[in-house]
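Data first, discussion second: the structure below is written as structure tokens.
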């Protein structure tokens, strides 16, 4: 089986399992993930944290993350630019006013209501994904948006994946462009 087919099957299997979690279980597990995340030194030291805005059955990010933010820390969120296959980042200060449905229905910042965030100032990126391994490997959803962003625009940022235990496997069929994570946080705690 070719590596792309392996990756696709792995994504499909794990995402189906993740989709099987009830909203109440996802909320409970997300709370445990954010409590563990708050204990990381990298989070406590961060001044600018870029966070994905959860969609469907992903680990919830807002408002759970806001409850655990260090004092003085700014949040930034991505805007997907399908043309050019890239992410732009904006500061998030008022989610009710700034966010709108974007690419694939994922909440995104409205550029007219948001200030741009310089990627070079981002200390930490909370990265979404479909499947993760215990060595810092990550499969996203197949578009490469975060891999390109991390490699080209925010190589200095600490990369932390947020996942449910059921999304973690021993090893992944990775490709050269796949960006490694520094940490992975699940409801069971911090891996790596």
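Numbering starts at 1 and runs along the chain as it is shown here.
Every residue, even glycine, has its Cβ placed from backbone N, Cα and C.
A TrEMBL annotation is a machine prediction, not a hand-curated record.
Now, the feature entries from TrEMBL:
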- 7, 8, 9, 10, 11, 138, 139, 140, 141, 142, 143, 144, 145, 146: ATP binding site (BINDING)
- 53, 58: substrate binding site (BINDING)
Nearest-integer angstrom distance between the alpha carbons (Cα) of residue 9 (ATP binding site) and residue 58 (substrate binding site): 18
Site with most surrounding Cβ atoms, counting all protein chains shown within 10 Å, from the binding-site residues 141, 145: 145
Proximal residue to residue 53 (substrate binding site) among binding-site residues 7, 11, 139, 143, 145 (C-alpha distance): 145
Listed in sequence order, residues with CB under 8 A of residue 139 (ATP binding site) and six or more positions away: 7, 10, 11, 129, 130, 131, 132, 172, 174, 178
Largest separation between Cα atoms (Å) of residues that the record links to ATP, namely 7, 8, 9, 10, 11, 138, 139, 140, 141, 142, 143, 144, 145, 146: 20
DSSP three-state assignment (helix, strand or coil) for residue 11 (ATP binding site): helix
Secondary structure of residue 145 (ATP binding site) (DSSP, helix/strand/coil): helix
Protein Cβ atoms within 10 Å of residue 53 (substrate binding site), excluding its own: 19
Cβ neighbour count within 10 Å of residue 7 (ATP binding site): 19
Fewest Cβ neighbours within 10 Å, where candidates are the binding-site residues 9, 11: 9
Binding-site residues compared (58, 143) - the one with the fewest other Cβ atoms within 10 Å: 143
